[in-house]
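Take a look at the structure set out below.
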Amino acid sequence: SDSGSDSEDSSLSDSELQEAFARGALKPGLNVVLEERPKRRNDSDGLKQCLAEFRQQLAWVERLDVTLGPVADPVSQSASASDAVDPENDFQREMSFYRQAQAAVLEALPRLRKLQVPTRRPDDYFAEMAKSDQQMQKIRQKLKSKQEAMERSEKAKQLRAMRKYGKKVQVEVLQRRQKEKKNMLNAVKKYQKGLSDKLDFLDEEQTSSQGNKKGNANQRTKKGPNAKRRYKNQKFGFGGKKKGSKWNTKESFNDVSSFQSKVAHNKGPGKGGRGGKGGKKALNKRPGKRARQKMKNRAR
């Protein structure tokens with residue numbers, strides 16, 4: 001096909017094009033018409049020679065190659081390769097690089113110390129790093145902000161789920177109440193029409209109301225006085241009963257041992273009878289203005 005010939009033509013190298021141009025086999029447009037498909041060569045000797053060049057028997061300190069998987073995650077306590085890393089997720093990708101580099105460092109540092117190779121930079125050594133400390137700090141802050149954003153989104157999802165559950169429970173309670181009300185109204189209508197002679201719905205309503213009253217009473221008894229009231233009770237005492245403390249009882253009404261007729265009728269010693277001199281009226285009557293003036297004149 002034309003597409004196959006185009007792909008084969010495009011795979012030609014510059015040297016082959018130059019040879020075709022020298023032979024005059026080039027057509028307009030730098031296209032070479034091949035009479036037959038080129039044979040693929042398997043140069044095993046050349047491949048073995050390249051492999052031998054790669055396999056140089058050098059000491060590890062000269063190669064410093066470490067091949068390890070990522071270090072165990074402290075959160076999930078797992079470092080399996082089955083944990084898929086989304087290449088589009090910047091946070092997961094950077095964390096996988098960081099964990100793998102951390103595993104290599106943990107493996108290589110003890111070996112270098114064993115070989116007495118210094119691993120710390122001297123104090124007087126200054127070299128420009130691939131990334132500055134400010135850049136690494138920015139990356140760290142960015143990763144931290146992304147992690148916090150993910151945690152906030154998870155909390156928001158949980159709150160939304162809890163609200164949905166609360167609304168669902170509220171709707172179920174309202175539906176149950178409406179259903180009970182509807183059943184009670186139907187029972188009342190049947191009783192009014194004479195279709196039923198049962199009054200079970202009244203018993204259910206009374207038991208429910210009694211249960212609510214008992215619950216409210218238990219709540220009131222359990223609540224008790226507040227801290228201010230308890231402090232005042234401890235300081236001043238309860239003071240006893242105030243309202244109705246002077247009311248007569250059956251025993252006090254029948255007890256006449258402290259009754260004195262002379263005191264009750266205002267006939268004590270030194271006092272006149274009713275209406276006499278020094279009697280009740282004289283005590284209660286206040287002299288007028290003229291009488292007080294006459295008394296003053298007589299005293300003079």
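We count from 1, first residue shown onward.
The backbone N, Cα and C atoms fix where each Cβ goes, and this holds for glycine too.
Keep in mind that what you see is a predicted model, and the values were worked out from it rather than measured.
Non-local neighbours of the region 'Disordered' (131-170) in the same chain are 90-91, 94-95; each lies 6+ residues outside the stretch with a CB under 8 Å from one of its CB atoms. Summarising the annotation, TrEMBL assigns region 'Disordered' to 131-170 (among others).
Taken from TrEMBL, the feature compositional bias 'Basic and acidic residues' applies to 145-157.
Per DSSP, the secondary structure of the compositional bias 'Basic residues' (158-167) breaks down as 10 helix, 0 strand, 0 coil. For 158-167 (among others), the entry in TrEMBL reads compositional bias 'Basic residues'.
The region 'Disordered' annotation in TrEMBL covers 200-300 (among others).
The annotation compositional bias 'Polar residues' is assigned in TrEMBL to 207-219 (among others).
Look at TrEMBL and you will find 220-233 (among others) tagged as compositional bias 'Basic residues'.
DSSP assignment over the compositional bias 'Polar residues' (254-263) gives 4 helix, 0 strand, 6 coil. What TrEMBL records for 254-263 (among others) is compositional bias 'Polar residues'.
The compositional bias 'Basic residues' annotation in TrEMBL covers 277-300 (among others).
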